[in-house]
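Q: Below are the features listed in Swiss-Prot for this protein:
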- 1-63: transit peptide (TRANSIT)
- ALA215, PRO216, GLN217, GLY218, CYS219, GLY220, LYS221, THR222: ATP binding site (BINDING)
Amino acid sequence: MAVAISGSSLISSTLQHYNNRIYIRDYPIPCHSSNPICNSFNFKRRSFSPSSPKFNDHVVNPSSSYLSSKLSPIRTHSSFAACGCSWIQDNSMVHDYATTTNGTSKRCSALPTTNTVDVSSVSDLFEFICSGPLVNKIGITPQRVGQSIDKWLLYGSQLCRLFQLNELKLTIPQKARLYHYYIPVFIWCEDQIALHNSKFKDGDDVPPLVIGFSAPQGCGKTTLVFALDYLFKTTKKKSATISVDDFYLTAEGQAELRKKNPGNALLEYRGNAGSHDLKLSVETLEALSKLTKEGLKMKVPRYNKSAYSGRGDRADSSTWPEVEGPLSVILFEGWMLGFKPLPADVVKAVDPQLEVVNKNLEAYYDAWDKYIDAWVVIKIQDPSYVYRWRLQAEIAMRQDGQAGMSDEEVNDFVSRYLPAYKAYLPTLYAEGPSGSDPDRVLAIDIDEERNPILAN
C-alpha cells in the first residue's frame, strides 16, 4: 500500500537524513586554515532530536589516515587587486579588513559593515536557500533543496575555499552571494547540461553546451563565471571560459578602425560592435565545440588590455591558456552578447554616432549568438550603475597604489558604452537574445550592490 508523504514531511525527513550523516568525504579543508579543523560543514555528524526541533553537532576526530586521504588540497583564488581583496568587483563580499600589495592591513572603505552569521545549522541554511530570489525561477522546489542539501553544502564549502572566505562566519552579503546567486545559477547550468546531453544517444560525440552570459560591465559577471568554472572543475566536468574581450581586434586592427571612422568616439577605442575579430570568434567557438574526446586540445585566445598604454592588443599566442576535451560546457561572457540591431532612426535618436555601430552589429549574430544554446541575462535597473561600478573599482585601485583612471577619465570611458546600453538593453530585456529559446534563458535582476532581486 502506497504511503503519501506531505512536502513538509519529506523535507523534514530529508534534512534528518543529511544531518545524521558524516560530512567528510570529498569536502575541502576550510580556506581559512591550513590544518583540518572542525567546522560547520566538515568533520561533524549532525543528529536530529525528535523531541527538540534543532540539529546537534557532534565532532568526529578527523585524524585517521582515511580522512587524511580524502582531504586533498583544492586550489584557492589568491590573486589580490583593487582594495586588496579577492573580490574585485563584488566589494560587499570581502572581509572588512584586507592586506594591500605592500603587506599592510587597511580597512576596505567600500564595504558595508555587516554582522557575521553562523551557518552551522543545516535547517537554518535550508530556510535561507529557499528564501532566495532565484529558487522558484529556476524550478528548485523546497523538496529538491532538501534532497540535495549535501550538494549545497559542498558547493558552498568549495566557493568559500576559492574566495578565501571563513565559512564559519560568513557575512550576510557573503552568504547571500553564495546561496542566493552563485550556487543556484550553477545548479541551473547543471540542469541545462543534463537537458543538452539527453538529446544525444549513447556513444555519440556530444558537443559541449555553450552558455552565454550577457551582463553590463562591472556587475560581477566575470566573477560569477569564474566561480561557475571552478565548480565545474571540482565536479569533474571540463569547462572552457571565453569572453567577448578575447576577440578584440589587434592594435593594428584598432588603428585601422579609427582611421575608417574619424571623429566617432564610439569606435575610437575597443568595445563597441566593429572592434572585434569575428572570424577569430567563429574559429574559436567551432574548434571548442569539437573538443569531444580525451586528448583533444586547443589554445584559447586572450587579450592584453594593458598593451600600448592601455589601448590593448591581442596577447601573444604563447600565453594563451590550453583547454582539453572532452568539454562539457563553454562559458561565454560579454557585456554586449545578445544585442540586436535596431532601425536606424531608433539608434540615431539615442546617439548619431551609434548608427555605424548598429550596422556593424548585423554580423554579430552569426559570429556569436547562434552558437549559444542557453543564456544567463543579468539585468540592471539603470545603465548609470556602470559608471558608479567602474568608479568604485578605479578608486580602489588608486587607494592601493595602482594606476587607475581619474574620475574624469572614468566618465569618458563609460560614456563610450552608455549609448549602446540605452539603445539595446530594453529590447534584450523584453525579448531575450536573438534566436534564443525562452525556456533556456535565465534572466536575473540585480540591484546596485550586484545582488539578485525579485523583479517588479
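Note: Cβ is positioned from N, Cα and C throughout, glycine not excepted.
If you look at the structure here, what lies around each of the features I listed?
A: Neighbour count (other Cβ atoms within 10 Å of the Cβ, all protein chains): 23 for LYS221 (ATP binding site). Under DSSP, LYS221 (ATP binding site) is assigned to a helix (H, G or I) in the three-state scheme.
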Q: Give me the long-range Cβ neighbours of ALA215 (ATP binding site): same chain, 6+ apart, Cβ under 8 Å, in sequence order.
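A: Those within reach of ALA215 (ATP binding site), by Cβ under 8 Å and sequence separation of 6 or more, are LYS221, LEU224, GLU333, TRP335, VAL376, VAL377, ILE378.
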Q: Give the number of CB atoms, excluding that of CYS219 (ATP binding site) itself, located within 10 Å of its CB.
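A: So the number of other Cβ atoms within 10 Å of CYS219 (ATP binding site) is 22.
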Q: Taking the Cβ of THR222 (ATP binding site) as the centre, count every other Cβ atom within 10 Å, in any protein chain shown.
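A: A 10 Å sphere around the Cβ of THR222 (ATP binding site) contains 18 other Cβ atoms.
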